[in-house]
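For reference, the structure discussed in these notes is given below.
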Amino acid sequence: MAMKRKKISVIGAGFTGATTAFLLAQKELGDIVLVDIPQLENPTKGKALDMLESSPVLGFDANIVGTSDYADTADSDIVVITAGIARKPGMSRDDLVTTNQKIMKQVTKEVVKYSPNCYIIVLTNPVDAMSYTVFKESGFPKNRVIGQSGVLDTARFRTFVAQELNISVKDVTGFVLGGHGDDMVPLVRYSYAGGIPLEKLIPKDRLDAIVERTRKGGGEIVNLLGNGSAYYAPAASLAEMVEAIVKDQRRILPAITYLEGEYGYEGIYLGVPTILGGNGIEKVIELELTEDEKAALAKSLESVKNVMRVLE
């Protein structure tokens, strides 16, 4: 039997979706299908062709096509969902939730129809609630529907720590628990630089400031851009997760997954440390938490639940 490349579909060809597609192609993780709505079919095809024409220069082998027809995504191994609207000025979070939930339901229906055996990674915000929506709508087992936020939040945390210590980001490890928002829980106790606990290297007030900046990391970029939100780091985070699955790397990465009793919570999607490999979420890693950390996680969970209440 002929060996075939993996097929990865990216739903939503905006800044994040297009950047994700480009990174996945550069990493040669598979052939890429970039999908958007019919009104945007030509720009989507244009972006895909532009990326493809960079392949001789950058030296990667991957086919990249743009489309508005989900039939082109048939038999995808992995589907990444970035589609959805961004929150506009004056728009309530509830409005954002209901609009994006409708989009998730439509997208999921098409994905399941054409790629019933795929793994789905969700980026659309509010990501905890949207991951839950896709999980319920797809009927897929929980290991195959994964939300991305922790890799991004941890990347921001690691960036700020590396800047503070003036060291390589490669030497900084960290973990962020909970929902993707102001109540996320960066676990400083489980964070290191070159194997040394951060608490031994950075004064508490500076560490607290880094935690606070991490929580507000998305907002900081929104404010600086003035229009739109972050897309380079979110796309890089998605690419890292896709690579872990495609190459069966069994990486320890924070991911949003469906909890069934872990950390004392049940029936909800929340960011926790996981092992991510060829079978999607292979395992949830349960860390021992202090009372303060438990309280912070409970607060984060409440924020997620408040969003979930809006779901139809």
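Positions of Cβ are set from backbone N, Cα and C atoms, glycine also.
Annotation source Swiss-Prot lists active site, proton acceptor at HIS180. Sequence annotations record features per position, and here Swiss-Prot assigns NAD(+) binding site to GLY12, ALA13, GLY14, PHE15, THR16, GLY17, ASP36, ASN100, LEU123, THR124, ASN125. Per Swiss-Prot, the feature substrate binding site maps to ARG87, ARG93, ASN125, ARG156; the stated evidence is sequence analysis. Look at Swiss-Prot and you will find SER149 tagged as phosphoserine.
It is 29 Å from the Cα atom of ASP36 (NAD(+) binding site) to that of ARG156 (substrate binding site). Ranking the recorded positions THR16, ASN125, SER149 by how many other Cβ atoms lie within 10 angstroms of each Cβ puts ASN125 at the bottom. When the binding-site residues GLY14, THR16, ARG87 are screened for a C-alpha within 10 angstroms of the C-alpha of SER149 (phosphoserine), no residue qualifies. Same-chain residues at least 6 positions away in sequence with a Cβ under 8 Å from that of ARG87 (substrate binding site) are, in sequence order, ARG93, LEU96, ASN125.
In the structure shown, the C-beta of HIS180 has more C-beta neighbours within 10 angstroms than that of any other entry among the recorded positions ARG93, ARG156, HIS180. DSSP classifies ARG156 (substrate binding site) as helix under the three-state reduction.
With a 10 A radius on its CB, GLY14 (NAD(+) binding site) counts 20 other CB atoms from all the protein chains. In this record, NAD(+) is bound by GLY12, ALA13, GLY14, PHE15, THR16, GLY17, ASP36, ASN100, LEU123, THR124, ASN125; the longest C-alpha to C-alpha distance in that set is 17 Å. Shown in sequence order, VAL35, ASP36, ILE81, THR82, ALA83, GLY84, THR124 are the residues of the chain, 6+ apart in sequence, with a C-beta less than 8 angstroms from the C-beta of GLY12 (NAD(+) binding site). The number of other CB atoms found within 10 A of the CB of LEU123 (NAD(+) binding site), across every protein chain shown, is 29. LEU123 (NAD(+) binding site) and the residue listed as 'active site, proton acceptor' have their C-alpha atoms 10 Å apart, to the nearest angstrom. Between the farthest pair of Cα atoms in the substrate binding residues (ARG87, ARG93, ASN125, ARG156), the distance is 23 Å. Between the alpha carbons (Cα) of ARG156 (substrate binding site) and GLY14 (NAD(+) binding site) lies a span of roughly 22 Å. Every protein chain shown contributes to the tally, and the Cβ of ASP36 (NAD(+) binding site) ends up with 24 other Cβ atoms within 10 Å.
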